[in-house]
């Protein structure tokens, strides 16, 4: 496994420290290979370290440089320290810490800072690989015990940063390693995720009182629809006048009919002469002589 450490130089260039195998803790006697890269070009970079002995570069009493990598065939406890890449033109890269233990337990943890939101798996290992139960400890407090010796931190945040170590009963405890969590870079500006403002929609298109005004924004209707629309408009305008006319005619006819009935029912009383004449006619008896 290869791990890349991105680091910024004094001139803003990016360098990479490659550690193989990718872990920060090693047993005494393990080999390790370190190399420096910059955009797939290792020219000009040198691996340096600072240990309890002194600060020096690869090939100066430690490591063998093969033109591409600095190889250490057998690590000792004295090789524990801080390692980084350096160039005369671009300055130093960020550093990492490697720990070499003479004990029988190590904690396999990421060499690089882990990205916020990622999952991180920690493994507690003996010199002979095994899946023994292991207790995981952070900042001196027990987190939990895992029966297979592996623990996964899901969706890590800055609160997961700290010193981690593990313990296998009967074998011992590992050294401590610092795990750091870096903030996930923003790939999109926040304002691009906002909902477009609703003011772009003309208010007249949604206000009920302005239906005729809104209609001017629509495409012209078909001939049949236009005819129906005009017919409805004419009916709406004509109906009140028609209803008023019918009502007036009905009232007029009712008044005329009532006047005739009243006139027929009113009769002039007969005079005394007319009444006497009628009585005379009733008393006359006609006689016929043959």
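Every residue gets a Cβ built from N, Cα and C, even glycine.
For the domain 'Ig-like' (103-182), the DSSP-based tally of helix, strand and coil residues reads 3 helix, 42 strand, 35 coil. The annotation domain 'Ig-like' is assigned in TrEMBL to 103-182.
Feature annotation from TrEMBL assigns region 'Disordered' to 263-290.
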Across the domain 'Ig-like' (103-182), average pLDDT on the 0 to 100 scale: 93
